[in-house]
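The structure under discussion appears below in the form of structure tokens.
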Amino acid sequence: MKHLLGLEKLSRDEILSILHLAAPMKDIILREVKKVPTLRGKIIGTLFYEPSTRTKNSFELAAKLLSADVVSVSVATSSVKKGESLKDTVLTLEAMGIEAIVIRHSRNGVPAYLSSCSKASIINAGDGQHEHPSQALLDLFTIQQYKGRIEGLKVLIVGDIMHSRVAKSNIYGLSKLGAEIIVSGPPTLIPEEVKNYAQVEYDLDNAIKKADVVNVLRLQLERQEAGLITSLEEYHRFYGLTKERMAKAKEDLLVLHPGPMNRGVEIDEEVAYCDKSAIQEQVSNGVAVRMAIYYTLMGGREE
């Protein structure tokens, strides 16, 4: 595997290989001496055209724990602001010896385009409304860690399925690993084509009774301005994960959220930090999974 552009094109075996590698990477994070020399001498660049805290930091920490050097390009002060094209920026980084580039961009397909014109490995950290593969992989790893399997589980995804790159990558990954997918949200935020992959259930109170795992998507607040939801209060009433809704769920329900959370909108704080929640674990699992991605793409070696 040369690039990580999305889960739609990955095979089941490629997904499972990354999840398998993430387990020993998690062990590294938990031990006293966290750094290993696996990617010593390698250089990784991060190029974020959209604001990011946790994803950018997670990718950079993952690289450093594998002993790679990291070059973080500040888009706000770089040649990009002077009119340099994306292609020129990436080829310049490549000419400096950078071997992998982590990119986030607001336009669909940018990582795929760059992979066609660069010798460096391109890692998609989120492109428009298309995909967010590393987030889906860490979600899959977290489910596997808590449930021991993915195949046969009923996984409920709640929220704005239409615009969410997290939802799309999760749906591709879950379907390839044999999960039964249920989606729930306002009709205005559920695309027709999702019915090819998932059962659509507009009544969250009914959907949550069936679920083994619930992944609550962050609601982009501009959806209200666009008229796709009536109000945040109404969204919370019908699709917020509340303590009252949790009482209807299975005893061993697993709660996930990609973060950052809008508390009191898509999820209540007491649910986010309840004993069924693995939201904090997702953060540490994200570092482990991104270490596994680097190892897969950059020919990691054991020393």
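The backbone N, Cα and C atoms fix where each Cβ goes, and this holds for glycine too.
For Arg54, Thr55, Arg104, His132, Gln135, Gly259, Pro260, the entry in Swiss-Prot reads carbamoyl phosphate binding site, with the evidence type sequence analysis. DSSP assigns His132 (carbamoyl phosphate binding site) to coil in the three-state reduction, placing it in neither a helix nor a strand. For His132 (carbamoyl phosphate binding site), other Cβ atoms within 10 Å of its Cβ number 26.
According to Swiss-Prot, the feature L-aspartate binding site maps to Lys82, Arg165, Arg218. There are 18 other CB atoms within 10 A of the CB of Arg218 (L-aspartate binding site), with all protein chains counted.
For the binding-site residues listed here (Gly259, Pro260), the lowest count of other CB atoms within 10 A around the CB belongs to Pro260. Taking the mean position of the Cβ atoms of Arg54, Thr55, Arg104, His132, Gln135, Gly259, Pro260 as the carbamoyl phosphate site, the remaining residues of that chain whose Cβ falls within 8 Å of it are Ser52, Ser58, Ala125, Gly126, Val166, Pro258. For the binding-site residues Arg54, Arg104, the greatest number of Cβ atoms within 10 Å around a candidate Cβ is found at Arg104. The two recorded residues, Gln135 (carbamoyl phosphate binding site) and Arg165 (L-aspartate binding site), show a Cα separation of 9 Å.
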